[in-house]
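Colleague: Feature list, courtesy of Swiss-Prot:
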BINDING   53, 54, 55, 56, 57, 58, 59, 60  ATP binding site
DOMAIN    21-262  domain 'ABC transporter'
């Protein structure tokens, strides 16, 4: 497996990490609009990679290609390759159910299902696996613990998830995503609708989750990118301008566009 240099999870000297996801000469079209242009990027395993850039730059589009969610909509086309463990997930031969189980996603706005807290987490598991009642209970508890929510909901698993606070709902969505034990977790501006306290809790959770998952996060908050990510990619108008260690991007960017953006002189 190809490896790239990234910061060690502990902040220790540079360590070698396998490449988990790689885009190769990736182009994307919304009908005739060329939204992404020859993107080449490598996402290291069990690290956090942040995608930053102004609105409309293509960062959320790139994120959604990583689990082919665009396939739900007409007149959208991806060209090139996206390799997950060296397999091209854009190939028609790559099973969608397999992709959904290997790549989880959490959206900007919390979207709990209109069912109990327990059933929110169990829903996806039932779609992909057949577990005994005891095994299902254990899996749900494990996911809620990983989502840092178990202690808050363990006595009300039968209550509606819609009664949770916004921050709790987002952590429930994270628990629901990790319940399938995916390899990759995609986070599309997961804290933009949350208060500062809930945002801080999610950021702490991301730091904990990268021990088990490869994480890609889209954020408009550059301070957040600096806090939570090991790698950062700056995008503009469908191009990948620069991709490097987060500390390098924010302290010694190699591209003037990157420096202008992170210092507020962009425009």
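Here the Cβ of each residue, glycine as well, is placed from N, Cα and C on the backbone.
Small disclaimer: the values here were computed from a predicted structure and weren't measured.
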Colleague: Look up residue 58 (ATP binding site) in the DSSP assignment and reduce it to helix, strand or coil.
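Modeller: SS state of residue 58 (ATP binding site) = coil.
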Colleague: Got a sec? Which of these binding-site residues, 55, 60, has the most Cβ atoms within 10 Å?
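Modeller: Top count of Cβ atoms within 10 Å goes to 60.
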Colleague: Residues with Cβ closer than 8 Å to the Cβ of residue 58 (ATP binding site), same chain and 6+ apart in sequence?
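Modeller: Long-range Cβ contacts: 28, 35, 36, 39, 235, 237, 238, 239.
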Colleague: Near the ATP site, what residues other than 53, 54, 55, 56, 57, 58, 59, 60 in the same chain have a C-beta no further than 8 Å from the centroid of the listed C-beta atoms?
Modeller: 61, 235, 236
